[in-house]
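Trainee: What Swiss-Prot records for 24-198 is domain 'Exonuclease'. Per Swiss-Prot, the feature Mg(2+) 2 binding site maps to 27, 29, 185, 190; the stated evidence is sequence analysis. If you look up Swiss-Prot, you'll see 27 marked as Mg(2+) 1 binding site. Summarising the annotation, Swiss-Prot assigns site 'Important for substrate binding and specificity' to 33, 81, 128, 150. Among the features that Swiss-Prot reports, active site, proton donor/acceptor is placed at 185.
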C-alpha cells in the first residue's frame, strides 16, 4: 500500500479499523470445560461501534440464560464456581436454538450496519468462549454463522501486552475500569467489563499516536 492510499483510508470507520472484521464481545458461563460435551448455560454479547470522534464504544447487547442441551454433562464444581442454579425457574432459560438465533441476528445486523465482511469474537481467554459458541452453532445447525471460524481477539493476550496483566480484574484496574468481584462470573457483567477493557486498549493506542501505525526506519 502506498503512502497516498494509506492516507486515504478513513480509520474512524469501523470497517477499516480491523481489516473488515466486526468485533463482538462474547462471554459464556458453562457447566464444564469441554464445549462438545458440557452445557452452555449463559451467554452475553456486545457489539461495538465508532463514535463521532472515531473512538470505539459499546453498542447493542444481548444476554441469555440457556437450557442445557439434551445429554449435556453438568459438572457440579463448575456450577459452584459460577453460582448458576440450573433448576431455578426464575432463570428464564431458553433453548440453545433460540439463543443462537437471536445472537446471530443481532451480530449480522451490526455487521451489515458497519459495512464489515465478517464478525470476530472478542473475549477474555477467547478460545474458551469461541469453542462454546461454535459448538452450540454446530449443534443447532443454524445457517449463516457470522463469526470467523478461527480468528479471535483475546483481551487476556492484549492486556498482557499492554499492561503486563492477563487477569480480567487486574487489567480493568490498570485501565481504571471499576470491577465488582461479587458480580464476576455473570456473563453479562463480564462481557460489559471486557468490552470496556477492549475499547480502552484500542482507543488508548490511538490517543498515543500508535494507530494508524507508521513504521520507524531502523
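Residue 1 is the first one shown; counting continues down the chain.
Including glycine, each Cβ sits where the backbone N, Cα and C put it.
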Trainee: Taking 8 Å from the centroid of the Cβ atoms of 27, 29, 185, 190 as the cut-off, which other residues in that chain fall inside it around the Mg(2+) 2 site?
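Mentor: These residues sit around the Mg(2+) 2 site: 28, 42, 44, 82, 184, 186, 187, 188, 189, 191.
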Trainee: Name the one residue among 29, 185, 190 whose Cα is closest in three-dimensional space to that of residue 128 (site 'Important for substrate binding and specificity'); these are the binding-site residues.
Mentor: 29
Trainee: Inside 10 Å of the Cβ of residue 27 (Mg(2+) 2 binding site), count up the other Cβ atoms and send me the figure.
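Mentor: A 10 Å sphere around the Cβ of residue 27 (Mg(2+) 2 binding site) contains 27 other Cβ atoms.
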Trainee: In whole Å, how far is residue 185 (Mg(2+) 2 binding site) from residue 33 (site 'Important for substrate binding and specificity') when you measure between their Cα atoms?
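Mentor: Checking the Cα atoms of residue 33 (site 'Important for substrate binding and specificity') and residue 185 (Mg(2+) 2 binding site) gives a distance of 14 Å.
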Trainee: Spatially speaking, which of the binding-site residues 27, 29, 185, 190 is closest to residue 150 (site 'Important for substrate binding and specificity')? Use C-alpha to C-alpha, please.
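Mentor: Closest recorded candidate to residue 150 (site 'Important for substrate binding and specificity') by Cα: 27.
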Trainee: Between residue 185 (Mg(2+) 2 binding site) and residue 81 (site 'Important for substrate binding and specificity'), how far is it from one CA atom to the other, in Å?
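Mentor: Approximately 8 Å lies between the Cα of residue 185 (Mg(2+) 2 binding site) and that of residue 81 (site 'Important for substrate binding and specificity').
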Trainee: DSSP three-state call for residue 185 (Mg(2+) 2 binding site): helix, strand or coil?
Mentor: coil
Trainee: Helix, strand or coil by DSSP: which one applies to residue 33 (site 'Important for substrate binding and specificity')?
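Mentor: Residue 33 (site 'Important for substrate binding and specificity') sits in coil per DSSP, no helix or strand.
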Trainee: Compute the C-alpha separation of residue 190 (Mg(2+) 2 binding site) from residue 81 (site 'Important for substrate binding and specificity'), stating it in Å without decimals.
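Mentor: A Cα-Cα distance of 14 Å.
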Trainee: Please work out the mean pLDDT for the residues of the domain 'Exonuclease' (24-198).
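Mentor: Residues in the domain 'Exonuclease' (24-198) carry a mean pLDDT of 97 in this prediction.
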